[in-house]
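Enquirer: Take a look at what Swiss-Prot says about it:
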- CYS55, CYS56, CYS120, CYS150: [4Fe-4S] cluster binding site (BINDING)
Amino acid sequence: MAMTGLNTAGSDRDYDTQSLNRELQDKGFLLTTTEDLINWARTGSLHWMTFGLACCAVEMMHTSMPRYDVERFGVAPRASPRQSDVMIVAGTLTNKMAPALRKVYDQMPEPRYVISMGSCANGGGYYHYSYSVVRGCDRIVPVDIYVPGCPPTAEALLYGILQLQRKIRRTGTITR
């Protein structure tokens, strides 16, 4: 039974939408928004680019191998930043390499995401107190997901990629 009245306009609209949705589903149609459709497509077709600077890059390669096969989740590697949605920064970022990282990030199309992989990329790691090390790649580019570890396992990176997909589904791409 539907509620009616001055203060229940939202409830009436929700009830009408739900009944319309059920009726269309019975006939084989799907009722959704454009934003939900875009988010669904974006999470299923992420293209990542490696920015491997040290030993974490080896674990990044393991993620693409047959044991973990990250491509089954709709994530595929790309060689060019212009074709990439996600940049995975893995390893120690030095002051000399920081401008190159920013340049590659700026070449990526919007919306773009960054995964910081390993202790060195997250906060400088073992070389934190060195004069030539940037203490976290988040000082150069905005980071969406941090994957801890030295080096993090392929499972940890895979979990980080899945968390990024959840974040995209939750926050959306139009409002980012």
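Just so you know, glycine gets a Cβ as well, placed from its N, Cα and C.
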Enquirer: Return the residues near CYS120 ([4Fe-4S] cluster binding site), defined as same-chain residues 6+ apart in sequence whose C-beta is under 8 angstroms from its C-beta, sorted by sequence, else 'none'.
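Expert: CYS120 ([4Fe-4S] cluster binding site) has long-range Cβ partners LEU53, ALA54, CYS56, GLY91, THR92, LEU93, TYR126, TYR127, VAL133, CYS150.
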Enquirer: Counting Cβ atoms within 10 Å across all protein chains shown, which of the binding-site residues CYS55, CYS56 comes out on top?
Expert: CYS56
Enquirer: DSSP secondary structure for CYS150 ([4Fe-4S] cluster binding site), reduced to helix/strand/coil, please.
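Expert: Coil, per DSSP.
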Enquirer: Which chain neighbours of the [4Fe-4S] cluster site, leaving out CYS55, CYS56, CYS120, CYS150, have a Cβ atom within 8 Å of the mean position of the site's Cβ atoms?
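Expert: Other same-chain residues with Cβ inside the cutoff are ALA54, ALA90, GLY91, THR92, MET117, GLY118, SER119, ALA121, GLY125, GLY149, PRO151, PRO152.
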Enquirer: Hey, what's the Cβ neighbour count for CYS150 ([4Fe-4S] cluster binding site) at 10 Å?
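Expert: So the number of other Cβ atoms within 10 Å of CYS150 ([4Fe-4S] cluster binding site) is 12.
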